[in-house]
Structures are given as structure tokens and as C-alpha cells.
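Annotated features in Swiss-Prot:
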| type | residues | note |
| --- | --- | --- |
| CARBOHYD | N81 | N-linked glycosylation site |
| CARBOHYD | N152 | N-linked glycosylation site |
| CARBOHYD | N269 | N-linked glycosylation site |
| CARBOHYD | N329 | N-linked glycosylation site |
Amino acid sequence: MTTFTKLSEQEAPGISIHPDRRISKINPNIYAGFAEHMGRCIYGGIYDPGNPLSDENGFRKDVLEALKELKVPVIRYPGGNFTATYHWIDGVGPRDQRPARPELAWLGTETNQFGTDEFLKWCEVLGTEPYLCLNMGTGTLDEALAWVDYCNGTRDTYYANLRRKNGREEPYNVKYWALGNEVWGPWQVEQSTKEEYAHKAYQWAKALKLLDPSIELILCGKEGPTSWDYYTLKQTMLPVHSPLSTSAVPLIDMHSIHLYTAHSSHLPNVTAPLAAERAIEITSSLIDLARVENGVPPEQRRPTICFDEWNVWDPIRAEGSKGAEESYNLSDALAVGVWLNVFVRKSKDVGMACIAQSVNVISPLMTTKDGIVKQTTWWPLYLFSNYMRGWTISAHISVSAYEGETHPKWVRGVKDTPWLDVSATLGEDGYVNVVVINIHEEKGIEAKLDGPSGEVTVFTVTGDNPAVTNMKGKEEVGLVETKWDAQGPYVFPKHSLTLLRWKA
């Protein structure tokens, strides 16, 4: 939790860090990724058979090594909008017998050369957990049950045996399953009303948890503060008594919300992720309201929020049907840093967050035939995923604030926008980690930092100006490591992200 006191421009800023005040445990799944059959994410990104940089499975080795640097804990698959017409059975078995299908989300052709077994094997090579999204567009409950049985079944059943026939004896034990993707959207095949979806999701969840009670189910929400989110939570957040047990089984483990932010001007761009912070706060209250109104027993585990699509994305600048290949600048990197600060600050409520996407498609990581490019947005992800773990701890900032335009406009009325955006953690290793993002375009900010004593390791991400990118053959934005003796105030450079790290 970070609190804020607004100062005048003439007053001296300060930051106080309190490692003894632990707020909540951080779920490492907030650093999850996403791989959709869209653009060059799968074909030419994750999977590139015949390329000298690929292994015997066709997996790009340089992509695997890069994602290992990010310690990605979970990858969502196969979409996204793609899931609404995807039939998993097309993507298993001998490749020469897999059908090519028209793909209606991004208007391409899906060859099905990369499917369930390839993805789950790729996850094992990467060392990450899979998160599969069920087709609640053209798909059926029988198809969903079959997919769970194919992945997780241990009995002598048709689909578990089909998995064995296809070369995988042991179950994959896929834990996370989404009940559809953005089924409320007018762009979806088989768009649903909230009433239709809530009824369907409830019935599907019962059946899926009867088949495999160990799985966790993610409800399809909208942006969070909407009537869709309230209604679907209210209608599905009920204890269900299994005929096999007298204990109450929670149907819904997480509630999914999505949001993308972007603006052509720097300051509206870097303050836009605060809309996500307010969305999390409201969604958390809706979860509590549904539990209260439905009389859910307090001992039943409270669902968390699964922010399983988030990023900086301007769909005009990077059109989805054309592969959505963004060229990110320093301003976008700082916006991603603010997004990640939000997830750390709200760790009590966020059980998972998946940046969309992990390779090539609005991604921090781009591939060419000859290698990879780490975009500006790579560096905040790298720092957070490697250091901002453990516990969220209390921090207080005193600084002046940006008072101009926000995007969306309603952010101005509901969130403070200080010049310094801050989150703080205490790791299991006993180190305090503090991220400070100076969003000011033109001015470094000198602030007294209460908390550290002795040597402080400092990581800084910045560049010549907010518009510089790494996509023009030169790395304009990277990572610089220095040391600081913690004497006197610290100057946070203009348009920069700084991570300070010291032993508590």
C-alpha cells in the first residue's frame, strides 16, 4: 500500500518506506504472460521450425532463454478472441492429419501445426504453468470436458487414452482454465448477454469441477466497474455441494478483467494505468458484495482478480488484424512500470496478471529470422519479475502532482497523479525493493528517502527523451546499475524508472 501527501512545487519531496508493515503477499503470477494464435506470436515467434535458432521441437531457443530471464510463472493460451472458434481437437495427433481452418478473430488461416501438446511441452521446457482458455463461442460443454480430460485425466477414458496414444503417458495437470474470453464483446463469435453468460458459466463450472476438483476456474469479466462484472459475479459466486462430498466447493476461483491503455502524449500515457488501479478496487468490492448477498461462508476462499489482458496498446498504431506489432518508446516503458506498480500495490486482490502478449504481438520481445529485440517495455518487466516479489510493504510519498489531462478523463476525478509513482516490497531474501517512476518529462526530482542505511543498489531505466525506442537498430533504452551510499536525498532522473534495493 502506498499513501500520498500532495505538496506544493516549492516543498521538499520525501519517500518513507516501512519494511515492518507488511500489507499482503505478492502472488508471483502477476508476472504471467500470454500467447495467442495472432500475428507472429505463435508461428514465427514461439514456434519456428526450420529456423537455425529453433530446437528439435521447433521452439525458438532465443525466445525461451529470454522468457526465462523474465521468470514467467504462467502463460495464457490459445487466446484471446481466437478461442471463440478454436476447437482443440484439431490441434492434436499427427500433424499431417490436422485440418487447416478459417480463423475468424484475426481473419487468417489456422494450420493447427502448433496445438495443445506442443504448447504444454513448450511450457515444460520454459518452466512455466499453462493457463488454458475454453471456447465459449462455438464450443460446447462436452468439448470443454473432453479437453480437461485430455490434459488431466488419469483414468481409462477415451480422451485420456487419446493423450497417451499421442505420446504423453502422464497427465499435464493443467490447473488454470478460463470460462471464455470477452464473450460480452460485439466482435465475438456467439456474443453473449450477461444473463446468458452467467447461466452458462455456472453450469459449465459445476461440470468441470465435478470432473476435476483440483482445477481453478476464471470467470469472464469485463473492465471491472461494470454491470456485467457485478451480475456475473452475483450469479456464479455460490457454494455448490458435490454429490461426492459434503463440503462446499467454490466454483469460481478468479474473476478476469481486461484493460489496455495508450495515449500519444507522454503524461496522459503514463498516468492511464491508474484507471486499472481503480478498476481493481471496484472489482474487489463487487466480489465482496456478491459474497455478502449470496451468504457465502467466510471460510470459503475469496476469489481474486485475474487481470489476464493488460498492456499499453494503441490499436490504430498497431492494428490487430495486421499482427499488432507495436514499436514501444520510453514513455510506454514507464507506463508499463506504472501498470506493474499498480499490481504490486494491489497484491491483496490480484491473483494473476498476464501481459498481452509474450512474443511479437504488442510485446516487449520481438523476433527476426536472425535473433530477438528487447523493446523498451522489456526492462520494467525484467526488474519487477526479478526483484518485486515477496510482500507488499507500506510506503508514503510526499510530492507535488501532475494536474493536467488524463486518459481516460475520469481518472482525474478518482485518482491522485503524483509526479513520483511508487511501490515497495520486502523479499524472502530480506531485501527491500522500491520502484520509483518519475513521470516528469523535463525535471529530475530530488527526494529524501527514509528507510535505507548502508549501500543501496540502484537500477535505472531511462533514455534521452520519452520518444526514443529500441526498434531502430540501436538500444536507446536499457538498464544501468549503480551504487548509492544512502547519504542525503536521491535525485530521480526525469522520465525514468528507478529500482532501489537494500538489506532490511
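Cβ coordinates come from backbone N, Cα and C, glycine included.
Nearest Cα neighbour of N329 (N-linked glycosylation site) among the listed glycosylation sites (N81, N152, N269): N269. Sequence-distant neighbours of N81 (N-linked glycosylation site) (same chain, 6+ residues apart, CB-CB distance under 8 A): E36, M38, A105, W106, N181, E182, G185, W187, Q188. Fewest other C-beta atoms within 10 angstroms, among the glycosylation sites N152, N269, N329, are seen around N152.
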